[in-house]
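J.: Handing you this structure, nothing more for now.
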Amino acid sequence: MPSAKQRGSKGGHGAASPSEKGAHPSGGADDVAKKPPPAPQQPPPPPAPHPQQHPQQHPQNQAHGKGGHRGGGGGGGKSSSSSSASAAAAAAAASSSASCSRRLGRALNFLFYLALVAAAAFSGWCVHHVLEEVQQVRRSHQDFSRQREELGQGLQGVEQKVQSLQATFGTFESILRSSQHKQDLTEKAVKQGESEVSRISEVLQKLQNEILKDLSDGIHVVKDARERDFTSLENTVEERLTELTKSINDNIAIFTEVQKRSQKEINDMKAKVASLEESEGNKQDLKALKEAVKEIQTSAKSREWDMEALRSTLQTMESDIYTEVRELVSLKQEQQAFKEAADTERLALQALTEKLLRSEESVSRLPEEIRRLEEELRQLKSDSHGPKEDGGFRHSEAFEALQQKSQGLDSRLQHVEDGVLSMQVASARQTESLESLLSKSQEHEQRLAALQGRLEGLGSSEADQDGLASTVRSLGETQLVLYGDVEELKRSVGELPSTVESLQKVQEQVHTLLSQDQAQAARLPPQDFLDRLSSLDNLKASVSQVEADLKMLRTAVDSLVAYSVKIETNENNLESAKGLLDDLRNDLDRLFVKVEKIHEKV
């Protein structure tokens, strides 16, 4: 505020100086014209600048005073100019004071708004800080509630364990009560046995006394009888002796029976006493059990960890077993596909054998046709040696017949060539299929070896093992059947060389006939015979190719036989793996039983 007052005073003196120096009054009007219009919404200036107007009035008064002096000195003409200058100076002073007040109001408004913004920012920061603290309190409260829930769950588990321990102690107390009751019963039985033993001893004592009395009475009677009659004495002595012996025997029998009964009761008592000793041992066992329960409570946590580890291992073992079962199923499917491929190959071999039989039949018919050709050639020779008159006509007829026969032979040879070509194609297909079968068999061997290595440590279900064994056996049976078919094919191939030899003989005969009948062959078109010879050569080459293909088939069959032997070894390995799986299953059952016992103890 003092600075504002100083600024106002400086502005007042500055505005009054032109009037004192005699400045032109138009300067104030120009300044007033150059000033911008006031803002429409400018707030009213604060009342603080009002004291600044008092120092501004002094220059005006001074100006008026000076003007008065000047006017008084200069005359009436100068008084009007001085009044206008004073009015201009007053307007300039008023405009400068208004601009200063406006600037000061703007600065104060800016400071006020800046303070409001700072207060709002500070309040927002405080609210944000308070919200973060509230969130932290909520989080801590949630953590505390979670800890309370966990503690509640732990307390519930402890309560359950305490209840189970109470139940076990209740059972132990019931067992103790039953053992005490049995002990009371045994004590009562011991007392009863002692009373019976005392009663038996009393009875025996009475019997002894009675016997002694009888003996003493008998002795007295004998003494009296001696005096009376010796004969009657003997009779009475004998009677009394017999009676005494009977009574003694009866008493001895009774005594033995009583002794046996007493011995049985004593044995029963001994057994009961032993059971009582066992009950005392049970007390000691109960104490040991209490200590063991405490130890179990202390080691329960470690056992829980062990149980979790066992569960995890069992789950991993189950997952591995499931994967192995899936692999076994896939292997079973592949073996079924292999079986189907073997069946198809068997059918192809059967078709090939049928084609071979047909070719053999056609080849077996060739010698007859060649014989017919020889006969026709002989007839042609005989016709050629006949009279020359009918030679042209007969020659033409023979030539036509020979052409017809050659055409028939060509058709038959073409049929044979077609059969041989089909046999070649079938043999090529057979070799390709056998190669594919060999590759598949090698893959199966590798997979079986890998599966056997895995099955040494893991187990699978008996149904899958039985199914795998059955599939392997069926595959072995199909391979045996295929082996039989291939053996038949070998036999048929073994018969092929004889047919080739017969074809060679026929070819030689044809060559000889052609050499003998060169003149007749010169008349006939030789190109047909050359074609026939070339067809026979082609037939021979095709037959040799068939022999080579059949040799390849033999090697493939031998490899299949070796593969069947490998399959038998794989079956044996699978049986051994099955035994290992049974052992593993038994070990797993024992492990489960141990785990259940641990659960029961816990």
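Quick reminder: no glycine exception, Cβ is built from N, Cα and C everywhere.
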J.: Scan Ser86, Ser97, Ser312, Ser559 for the residue that Swiss-Prot records as phosphoserine.
T.: Ser312
J.: Annotation phosphoserine per Swiss-Prot: which of the candidates Ser19, Ser247, Ser302, Ser474 has it?
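T.: Among Ser19, Ser247, Ser302, Ser474, the residue Swiss-Prot annotates as phosphoserine is Ser19.
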J.: For Cys100 (S-palmitoyl cysteine), what is the tally of other C-beta atoms lying within 10 angstroms of its C-beta?
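T.: So the Cβ neighbour count for Cys100 (S-palmitoyl cysteine) comes to 19.
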J.: With every protein chain in view, how many other Cβ atoms are within 10 Å of the Cβ of Ser312 (phosphoserine)?
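T.: The answer is 10 other Cβ atoms.
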J.: Please report the three-state DSSP label of Ser312 (phosphoserine).
T.: helix
J.: List the Cα distance (Å, whole number) between Cys100 (S-palmitoyl cysteine) and Ser312 (phosphoserine).
T.: 88
